[in-house]
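Undergrad: Next up is a structure, given as structure tokens.
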């Protein structure tokens, strides 16, 4: 009546071995995923400040603060070896000019958009933040090596999206030492 | 194709004219779907060549104004139109034939007509260059009303197979009380339940935000809420594409291989797990967005990792199914069984090859799903690399493989060339693997997705992306190979429809499973219910599982929308092309 009885002996052997191995496989998969999940969660806990809660909302779309105190695209010292750079993304530029930051300092980018969505990606780093009009996103990074990095827009923003790239120049922490090399 | 349509006494065989009407309808879904793929995938290599630095768009000026217009057409035609038509056809036709019950033809035709109207509207909106918003249409970019209303119609039409399936299942249950739903019908039903619940997101976005906004009835939208609603559907949509391919792997492929499905019950478990885990995880597409708390991102990581579980069960079940068939065909040793599979059958070749690309595609999904790793690859070419190795290979190739038996089955015409069909499968496999590996590698160099990089001045291109020139060359080469694959496929597809030799139409290759016979109603006499496995029976109350899934989905989205609704940011629209 059932398919069990209609199997040949070799089919039955294959089927029974398969059932056994299936249990082992499911067990292995569950262990694997549990371990992966624990590792992933651990990293979430360790660097949870990678992209923190939105830094807040902008009073007017495209404006960082009501008094516009902080200039765009300039590193402002906010603590010992800590700087903040505010950026208002616009079609199709990130900042008025190259952004200078210091090697080894904690740089916090505050990013918003004046028009559509933009994607704040700094090539060669793990900085990746969506620029949303009306919201300020925060992302912190320490540039370990001096040199020129590029902000590349990675969220489609219209006809010249591909041209929306601007340089971040990481100045050496000790220029004399650099020059002596 | 050893299945024969011997039906148990309780199930009536539909009259020949009714059967013919169902076949015609299925054929209509198939032809419209693959015509959409012809357009969508036909311009795909233009996008691939863009990344290898070859800008072909200026040469196509009268038809396409920009890369972004082409990319919008590529995404919409492949992601929505091709998949929706093929799926809404298959998920009604296969269960109807499995159960031996006539579907509600009015609803099924309604689904077809509504989606066809939607397709017409989006095509008009995309070809007049008014809606270059890409297939994700994130506001505040603003396209024409035709685009959003077209998508609304496509979404609405795609939900209609669910009531048809429910009707057929309850009619079958009346004839066979206490029995477990046959496997293909069960899988189709779970897929449609998952999809219809998930469309709440995108339909809310379209009806409440995009449609009135595009007409000028409201002037602003909240981009963050819009994105979140989009991804509520946008992640389950990948399962809406994938699960019908799994229907073929679990429900049909074993028969085409001349073997048996290793486990029917595990197939059911897989589908229920996908129903539960695919709904709440959409916001992992927003790992880079401001506004989500870190704790929330952590929860999303856990849920996303869980989605891998059903796919890894499938890897085992499919591996065992292939091995059994291969050994039965005389394959020996550790890998001899793989070589012994019926590689001469293009339908089998396409599906088994697509499983190979899924190994890389699935593994890269684990990268995207963990927040920290995603920070490196988010919105780089790594992401499209991932989904071309999944939907672009697994789903596209499985549907192509199904077309290779569906055309003879539906029309009574043989394929005009088995060799050309095989060539299509292999070229697609090679082309998509080359393209996908190129895209994923380029993404690690920070090459952004969706960017017209070939239009940059040479010097800028070199400065930004020079380091990635080898993977970017692979992208272009993969695209060209895919063009060759398409030429082979469409000669076979349309050639067989029009000029195929008349043969006796083969039956649908419904597979049989090992073990207790809980499935495949047309193949077996009525079996007392104690013969079915306890796992299969536990999966049978589909409404209970849908309720669980809906509840988890609601729990994961209420906190997000709660905070977003209290801090609305209203943006006006922008037309930026």
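Positions of Cβ are set from backbone N, Cα and C atoms, glycine also.
Below are the features listed in TrEMBL for this protein:
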| type | residues | note |
| --- | --- | --- |
| DOMAIN | B:22-504 | domain 'Cytochrome oxidase subunit I profile' |
| TRANSMEM | B:25-47 | transmembrane segment |
| TRANSMEM | B:67-94 | transmembrane segment |
| TRANSMEM | B:106-127 | transmembrane segment |
| TRANSMEM | B:147-166 | transmembrane segment |
| TRANSMEM | B:186-208 | transmembrane segment |
| TRANSMEM | B:228-253 | transmembrane segment |
| TRANSMEM | B:265-283 | transmembrane segment |
| TRANSMEM | B:343-367 | transmembrane segment |
| TRANSMEM | B:387-408 | transmembrane segment |
| TRANSMEM | B:420-447 | transmembrane segment |
| TRANSMEM | B:467-493 | transmembrane segment |
| TRANSMEM | B:542-565 | transmembrane segment |
Undergrad: Under 8 Å, at least 3 Cβ pairs, sequence separation 6 or more: does that hold for the transmembrane segment (B:106-127) versus the transmembrane segment (B:542-565)?
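TA: Checked: the transmembrane segment (B:106-127) vs the transmembrane segment (B:542-565), no contact.
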Undergrad: Honestly, do the transmembrane segment (B:25-47) and the transmembrane segment (B:467-493) touch, with at least three Cβ pairs under 8 Å and pairs 6 or more apart in sequence?
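TA: Contact between the transmembrane segment (B:467-493) and the transmembrane segment (B:25-47): present, because at least 3 Cβ pairs are under 8 Å.
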Undergrad: Is the transmembrane segment (B:542-565) in contact with the transmembrane segment (B:186-208), using three or more Cβ pairs under 8 angstroms as the rule and ignoring pairs under 6 apart in sequence?
TA: yes
Undergrad: Any residues 6+ beyond the ends of the transmembrane segment (B:542-565) with a Cβ under 8 Å from its own?
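TA: Same-chain contacts beyond the flanks: 186, 189-190, 193-194, 197-198, 222, 224-225, 228, 232, 272, 275-276, 279-281, 283, 291-292, 296, 299-300, 303.
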Undergrad: Considering only Cβ pairs under 8 Å, which range in B:67-94, B:228-253, B:343-367, B:387-408, B:467-493 makes the most contacts with the transmembrane segment (B:420-447)?
TA: B:467-493
Undergrad: Against the transmembrane segment (B:67-94), which of these stretches has the most C-beta pairs under 8 Å: B:343-367, B:387-408, B:467-493?
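TA: The stretch with the most contacts is B:387-408.
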Undergrad: Across the domain 'Cytochrome oxidase subunit I profile' (B:22-504), what does the mean pLDDT come to, as a whole number?
TA: 93
